[in-house]
Amino acid sequence: MSVISIVPLASKSCLYKSLMSSTHELKALCRPIATLGMCRRGKSVMASMSTSLTTAVSDDGVQRRIGHHHSNLWDDNFIQSLSSPYGASSYAESAKKLIGEVKEIFNSLSMAAGGLMSPVDDLLQHLSMVDNVERLGIDRHFQTEIKVSLDYVYSYWSEKGIGSGRDIVCTDLNTTALGFRILRLHGYTVFPDVFEHFKDQMGRIACSANHTERQISSILNLFRASLIAFPGEKVMEEAEIFSATYLKEALQTIPVSSLSQEIQYVLQYRWHSNLPRLEARTYIDILQENTKNQMLDVNTKKVLELAKLEFNIFHSLQQNELKSVSRWWKESGFPDLNFIRHRHVEFYTLVSGIDMEPKHSTFRLSFVKMCHLITVLDDMYDTFGTIDELRLFTAAVKRWDPSTTQCLPEYMKGVYTVLYETVNEMAQEAQKSQGRDTLNYVRQALEAYIGAYHKEAEWISSGYLPTFDEYFENGKVSSGHRIATLQPIFMLDIPFPHHVLQEIDFPSNFNDFACSILRLRCDTRCYQADRARGEEASCISCYMKDHPGSTQEDALNHINNMIEETIKKLNWELMKPDNNVPISSKKPAFDISRGLHHFYNYRDGYTVSSNETKNLVIKTVLEPVPM
């Protein structure tokens with residue numbers, strides 16, 4: 001068995017008289033603990049280990065578990081060498097001009113009531129324009145225009161839906177489905193009963209057997225609408241099953257085209273795992289292909305031109321922010337801890353994929369730092385740390401006092417120092433945007449997270465397999481969703497007073513559902529690898545324990561059903577009528593849930609980031625779009 005090379009440091013350690021109360025004093029009880037050095041601000045103590053084995057033994061006989069994680073894929077020198085011309089002011093001026101021209105297009109649509117737009121398709125034109133700017137990631141420039149368009153469309157909404165134009169008596173599925181989705185996402189009250197009017201006598205959505213482009217587009221919009229269902233909406237469940245089946249069959253019969261690419265994307269990345277920037281990049285490519293085939297109207301071409309320019313201007317900002325992230329990671333000393341996953345670039349890709357507002361740099365950087373700290377703690381509690389070391393660290397976090405770290409092994413001292421300094425620095429920055437001290441909120445979330453991980457470490461140490469309910473309640477906290485969300489949103493220029501936090505933070509339903517989705521989805525993707533590392537407890541194994549004779553397939557089916565139902569509950573928490581907490585205040589936390597879900601869409605793209613996640617980094621961060 002491989003041996004960890006240890007440079008002798010402190011040979012004594014301390015245990016706390018009580019691990020449960022932050023007011024108890026440290027009591028020095030001499031006990032040997034293996035130490036591992038960490039590079040921090042020029043002080044380097046290196047350690048080497050084999051990652052090809054599940055465990056390794058230190059020089060003084062301490063057995064440690066290892067995670068089999070691949071190394072960092074993105075060299076700091078490479079990151080620092082990135083450059084883009086799109087940060088020049090001339091590009092910003094061009095974008096400003098195009099924004100004005102697109103506003104004029106919106107304004108021309110808003111004159112429809114005066115008879116300047118065709119009464120047979122004006123509603124569809126309004127909706128298509130809104131849909132285009134949102135999917136292309138440029139809607140932040142047109143919030144006023146979007147509201148005017150949607151108010152106009154909603155004024156013609158009926159219990160049977162709408163037709164393509166204000167003078168069209170017969171409703172149609174395409175316009176109704178597109179309108180339903182966009183209106184619901186913007187907080188308008190619409191009910192799924194409208195889709196009952198598109199069923200035949202057999203209770204099925206009426207459509208021909210032919211896969212015409214018009215019909216496919218209608219069913220595609222129906223599928224997109226079905227993904228924002230609320231609990232108990234049976235017609236939405238039926239619509240999702242029908243439309244997904246129809247679209248999969250259509251892919252087998254239609255030629256490869258921009259339409260087939262759009263179908264593939266929507267089926268692959270459903271609403272709750274969709275990254276807006278990836279969608280923008282994909283939709284740019286689709287519209288660009290339509291441009292080559294002369295299939296775009298003048299207005300859409302103008303919108304596409306702006307979208308490409310905006311994508312590349314933000315790409316320039318991404319490179320600068322990524323350089324800052326990489327410098328922080330390098331200076332933290334974390335590169336010298338080779339038992340952890342180094343995924344700072346991947347986390348930046350995720351957060352810049354859900355928030356493309358240039359002024360939200362501190363939000364994005366805070367998210368990356370917090371997620372990387374969570375990853376370090378995850379790997380320390382899950383694998384490398386001994387149970388005695390973890391007890392010490394858990395108590396030290398509860399005390400939140402650097403002077404109490406003298407009893408920690410050296411590698412933990414380094415981790416604690418970076419954690420303490422980074423969280424405090426971010427809290428000071430958050431005070432500028434929130435106008436009050438937010439540190440206590442974050443500390444409470446961090447203590448809960450550490451406590452949940454400590455409980456899981458105790459389970460691993462003792463070989464205990466909990467019940468599903470016991471594991472799940474703890475696992476929602478150890479998912480890290482709450483702590484990954486709370487600190488970053490405080491950096492936004494959105495006020496989060498106490499009544500808003502009550503709606504989105506613990507113990508709200510919103511927080512519970514978001515944490516549940518992440519824990520359940522993570523376990524379905526990670527349970528086999530976790531078991532190989534000696535982590536027996538998962539939603540799958542605990543379900544099988546509670547249901548003797550059940551199979552892994554039974555457990556996965558049950559958990560996938562739980563995920564689908566919980567997504568509907570989270571949809572409701574986001575979009576339910578609530579005058580006190582608008583959608584805009586809940587959307588950042590919701591989008592973080594979507595982003596984290598994206599990592600686990602088909603596999604653990606967080607731990608194994610060398611496949612789809614690597615391609616995501618290239619497509620949405622490293623490469624500009626061709627102009």
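If you go along the chain as it appears here, the first residue is 1 and each next one adds 1.
Backbone N, Cα and C define each Cβ position, glycine as well.
Among the ranges 18-22, 378-382, 623-627, the stretch that Swiss-Prot annotates as motif 'DDXXD motif' is 378-382. All protein chains included, Asp530 (Mg(2+) 3 binding site) registers 21 other Cβ atoms within 10 Å of its own Cβ. In this structure the C-alpha atoms belonging to Asp378 (Mg(2+) 1 binding site) and Asp530 (Mg(2+) 3 binding site) are separated by 12 Å. Here the Cα atom of Asp382 (Mg(2+) 1 binding site) is found 9 Å from that of Asp530 (Mg(2+) 3 binding site).
Under DSSP, Asp382 (Mg(2+) 1 binding site) is assigned to a helix (H, G or I) in the three-state scheme.
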